[in-house]
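Feature list (source: TrEMBL):
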type	residues	note
TRANSMEM	7-27	transmembrane segment
TRANSMEM	33-54	transmembrane segment
TRANSMEM	75-93	transmembrane segment
TRANSMEM	99-117	transmembrane segment
TRANSMEM	150-170	transmembrane segment
TRANSMEM	191-212	transmembrane segment
TRANSMEM	218-237	transmembrane segment
TRANSMEM	258-276	transmembrane segment
Amino acid sequence: MLRYIRLLRLGDQYFQVGAVLAGGWLVRGSGEVWWWLLATVLLSCPTFIVNELVDRGDVDRFSWNKVHVKNEVSLTLAGLLFAILSIAGLATAYFAGKLFWGLGMYVLAMMYSLPMVRLKARPVVDVLSQEAVWWAIPFLGVTWGKVDPWQLVTLTGFGGCVMWCGFFPYQMADIKADLKAGLKPTHVWLGMRKSLILGFMTGVGAWILFLVGRIDRLAWWSWAFVLLTTYIMWQYGRWMKMPSLDVQVKSMQSYVRFTKPLTQVMVACLALIYLWR
């Protein structure tokens, strides 16, 4: 049973959870926010099932990351779990009054992994789809039509930059597995050096939007994420100076082991702050 729970990748749901909570903070939402948060988690789980089952055929065979399920699983049970969670997620999104957003998130996340499309293996669109599924859609599902348009653009851009600055090294840490599997996501297409420059520049973008939009006045806790981004930008500088791909990848793997639980704790603290307010 544990392997089927691992298929859901519950430990990787914190991105959209943080996005929904950030949006809820801005609009001072209550019940609607929690239902939408639940919907995003339920919709994310079945798409992770597809991701795990597809990736185990190529890239996960070479991946260093132990989060992936490499044991045999029953496709019947996995399919049943997929159907139940999909229906539950769409129903919850409908109940929250956000079926359009939920359906968009679900379809785009499926396109990320399904073999006939598999956006994760295509440069540029792999980044855009992850930004949309893990940040933009969960965030905009709460804030759309409730926040000043200029602020909405600034906040969405800021969150997207923070997320990608921090998450891109997760992708780059698997560059050797992607190369062996013959995939061509953005970091393979650009190469390591250009990918590092891109990741660093998203951190610069986050700082610019943070200052221009005075985001700390809207959400004082945003300072924590800006400071984390600054630390990550420093890491990018270190990786650029490293002598070989092997050394860079090993360092990025250590980075993932450190920043993933740290970010999970930060999102959990945001949830507590949200409840306390």
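Cβ coordinates are placed from backbone N, Cα and C, and glycine is handled just like the others.
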Same-chain residue ranges lying at least 6 outside the transmembrane segment (191-212) that approach it to Cβ under 8 Å: 154, 157-158, 160-162, 164-165, 168-169, 172, 175, 222, 226, 229-230, 232-233, 236-237, 239-240, 245, 248
Among 33-54, 75-93, 218-237, 258-276, stretch most in contact with the transmembrane segment (150-170) (C-beta, under 8 angstroms): 218-237
Cβ pairs under 8 Å between the transmembrane segment (99-117) and the transmembrane segment (258-276), at least three: no
